[in-house]
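S.K.: Okay, these came from TrEMBL:
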- THR98, SER99, PHE126, PRO127, THR128, ASP129, THR168, ASP197, HIS200, TYR222, TRP252, THR278: pyridoxal 5'-phosphate binding site (BINDING)
- LYS223: N6-(pyridoxal phosphate)lysine (MOD_RES)
Amino acid sequence: MPLDRAACAALDRDDPLAEFRDAFEIADGVIYLDGNSLGALPKATRQRLADVVAREWGDELIRGWNTAGWITLPQRVGAGIASLIGAEADEVIAADSTSVNLFKLATAALALRPGRRVIVTEPGNFPTDLYILQGVRDLLGDRVELRVVEPDRIEQALDADTALLLLTQVHYKTGRIHDMARLTAKAHAAGALALWDLSHSAGAIDVDLNAAGADLAVGCGYKYLNGGPGAPAFLYAARRHQAQLRSPLSGWMGHAAPFAFGDDYAPAPGIERMLCGTPPILGLAALEIGVGIMARADRHAVRAKSMALGDLFIRLVEESCPGQFILHSPRDAQARGSQVSFGHPEGYAIMQALIARGVIGDFRAPDVIRFGFAPLYVRYVDVYDAAAHLKDIMDSGTWQDAAYQTRGAVT
Ligand SMILES: Cc1ncc(COP(=O)(O)O)c(C=O)c1O
């Protein structure tokens, strides 16, 4: 692995994904290392949204549901996402937020395992995963018990009372990857279902839900899928479960015949039953562009570049700032998602100093500075330059500037 900038530029010239960077709007002087939180804006999204607003909405008005195909957009976007996560087109649908989809699927999963009341998950998961499970427990009372166990105790925690195992495949803070196939098999051996949060996986690492035998999954549209802030999320239900799966949010868009306007709920036959209300067309139109770009990229090239960028960054930071940061991510690229996290007690101020120089990563309390490497638009030279800025900030002590100490509402 080269360590000088010219060698990094050479890697960029040989990068089979290099052409994709031009599909995104990234301002000069910005090194964007936060695509794991909010993906960059695809250039085509600007045009597409203008068209949806002016022509489809402005001219077509209500007719757009048919003439512009709005009514099937959740399925179409879902099918695109399915191609990225090893699922069939009719197993994935774009809808709601990841939090809401977690609620729908966790609740529905409990009903698929009558007589079992335990949901197994891990502490330190992304908060919404835990909060949603706590809400499900509060709603269903004695019918639910949460068993929150450290990762190395997950397998022992699965037993004859377990209805569901809920895990996030790539940890949001550290980037550690859970072995989906192995843990799903363990859940099945105990008679339980497995629900995977793919928020930091889809578009970043190889995901093969069907090969892993996964039952259910959810994930974000605004991270590596580049759907824009608050983009609709997605959910997956293996075909074998769909006929039994009942959404607790039995809205009319999940009805078998929504436009019959009947009084009684009857779920749609397939994955559509997991829809709830009217789909957000502007958000879905933007997400469709992001998913389309990602679907054109070679999955293996994406993963190979993601691992190489992460390895390069770890090496550069450890060589240029020896002993100053604790690596919180797995060193082994195979065990790491598309991000690298370092710990430092002054992490917040250091990240603010980086952002002031145009190197945009993020901070996660209490001490984690997090750098995401979205392989479609992050270059090897970006990684080199980011590490050089970090060294400069540490050597000069500029992070101690008072301006970098004040925390905003969103960190
Ligand atoms: C693992 C995980 N799940 C869920 C979410 C967010 O869910 P929502 O889009 O409902 O806010 C995030 C956001 O970063 C996440 O990292």
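Numbering starts at 1 and runs along the chain as it is shown here.
Heads up, the Cβ atoms here are built off N, Cα and C, so glycines get one too.
Set these features in their place in the structure for me.
M.R.: The Cβ of THR168 (pyridoxal 5'-phosphate binding site) lies under 8 Å from the Cβ of ASN125, PHE126, ASP129, HIS178, TRP196, ASP197, SER199, HIS200, each of which sits 6+ residues away along the same chain.
When Cβ atoms from all protein chains are considered, those within 10 Å of LYS223 (N6-(pyridoxal phosphate)lysine) total 28, not counting its own.
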S.K.: So which of the recorded positions THR128, LYS223, TRP252 sit close to ligand 1, that is, with a CB under 6 Å from an atom of it?
M.R.: THR128
S.K.: Within 10 Å of each Cβ, count the other Cβ atoms and name the one among the binding-site residues PHE126, TRP252 with the highest count.
M.R.: PHE126
S.K.: If I take the Cα of LYS223 (N6-(pyridoxal phosphate)lysine) as reference, which of the binding-site residues THR98, THR128, TRP252 has the closest Cα?
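M.R.: The smallest Cα gap between LYS223 (N6-(pyridoxal phosphate)lysine) and any of the binding-site residues is with THR98.
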S.K.: Per DSSP, to which secondary structure element type does THR168 (pyridoxal 5'-phosphate binding site) belong, with helix, strand and coil as the options?
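M.R.: In three-state terms, THR168 (pyridoxal 5'-phosphate binding site) counts as strand.
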S.K.: Counting across all protein chains shown, how many other Cβ atoms sit within 10 Å of the Cβ of HIS200 (pyridoxal 5'-phosphate binding site)?
M.R.: 27
S.K.: Through the lens of DSSP with three states only, how would you label HIS200 (pyridoxal 5'-phosphate binding site)?
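M.R.: Reduced to three states, the DSSP call for HIS200 (pyridoxal 5'-phosphate binding site) is coil.
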